[in-house]
Amino acid sequence: MSEKYVVTWDMFHMHARKLAERLLPASQWKGIIAVSRGGLFPAAVLARELGLRHVETVCIASYDHDQQGDLKVIHKAETDGEGFIVVDDLVDTGNTAREIRNMYPKAKFVTVFAKPAGAPLVDDYVIDIPQNTWIEQPWDLGIGFVPPLARK
């Protein structure tokens, strides 16, 4: 990936709330299926904003920090997805999204961020990201000392 897009907690929360607005009225939903791990964060925001208490997970391993590998389903919610929102932080190449679509064909699949290759596979998202851009999510970052410019 040649570019990086750094997301702060404030930005993420704002975008996740915007996604929640698009999912109203809340009465149409039975619950949320969060794609672990990136989808756990927007799932918490959606659950709060939509007043939903039923939150399931689907655990699919595909990344090792910035390298995408083979998909491995570790755990899946036992439903066809009817009445459920499936949420992930990002749709990138679409590999994970295709697997999720097969598992939950009746769910509404949403993400906060979408890259061009994966965007057609989700029902809704908030922010377009160029395909060659790596997203640094706030849960992957820490706060550290930065030396003054004069010391570099």
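Note: Cβ is positioned from N, Cα and C throughout, glycine not excepted.
Annotated in Swiss-Prot:
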- ARG37, GLY38, ASP88, ASP89, LEU90, VAL91, ASP92, THR93, GLY94, ASN95, THR96: 5-phospho-alpha-D-ribose 1-diphosphate binding site (BINDING)
- ASP89: Mg(2+) binding site (BINDING)
- ASP92, ILE135: guanine binding site (BINDING)
- ASP92, ILE135: xanthine binding site (BINDING)
- ASP92, THR93, GLY94, ASN95, THR96, TRP134, ILE135: GMP binding site (BINDING)
Note to self: Around the C-beta of ASP92 (5-phospho-alpha-D-ribose 1-diphosphate binding site), how many further C-beta atoms are within 10 angstroms, looking at every protein chain?
What the structure shows: 26
Checklist line | Cα-Cα distance, maximum over ASP92, THR93, GLY94, ASN95, THR96, TRP134, ILE135, record's GMP binders, Å | finding: 17
Margin query: Between C-alpha atoms, which of these binding-site residues comes nearest to the residue listed as 'Mg(2+) binding site': ARG37, ASN95, THR96?
Written below: ARG37
Notebook entry, point to check: How big is the Cα-to-Cα gap, in Å, between ILE135 (guanine binding site) and ASP88 (5-phospho-alpha-D-ribose 1-diphosphate binding site)?
Noted result: 13
Check: Per DSSP, ASN95 (GMP binding site) is which: helix, strand or coil?
Finding: helix
Notebook entry, point to check: Including all protein chains shown, what's the count of other C-beta atoms within 10 A of the C-beta of the residue listed as 'Mg(2+) binding site'?
Noted result: 24
Notebook entry, point to check: Around ARG37 (5-phospho-alpha-D-ribose 1-diphosphate binding site), how many other C-beta atoms are within 10 angstroms of its C-beta?
Noted result: 17
Margin query: Using the alpha carbons only, what distance in Å do you get between TRP134 (GMP binding site) and LEU90 (5-phospho-alpha-D-ribose 1-diphosphate binding site) once rounded?
Written below: 11
Next item on the list: Would you kindly give the Cα-Cα distance separating ASN95 (GMP binding site) and ASP88 (5-phospho-alpha-D-ribose 1-diphosphate binding site), rounded to the nearest Å?
Entry: 13
Checklist line | Candidates ASN95, THR96: member of the binding-site residues with the richest Cβ shell (10 Å) | finding: THR96
Next item on the list: Measure from the Cβ of LEU90 (5-phospho-alpha-D-ribose 1-diphosphate binding site) and count the other Cβ atoms within 10 Å, all protein chains considered.
Entry: 24
Note to self: Counting across all protein chains present, how many other Cβ atoms fall within 10 Å of the Cβ of ILE135 (guanine binding site)?
What the structure shows: 21
Check: What three-state secondary structure does DSSP assign to TRP134 (GMP binding site)?
Finding: strand
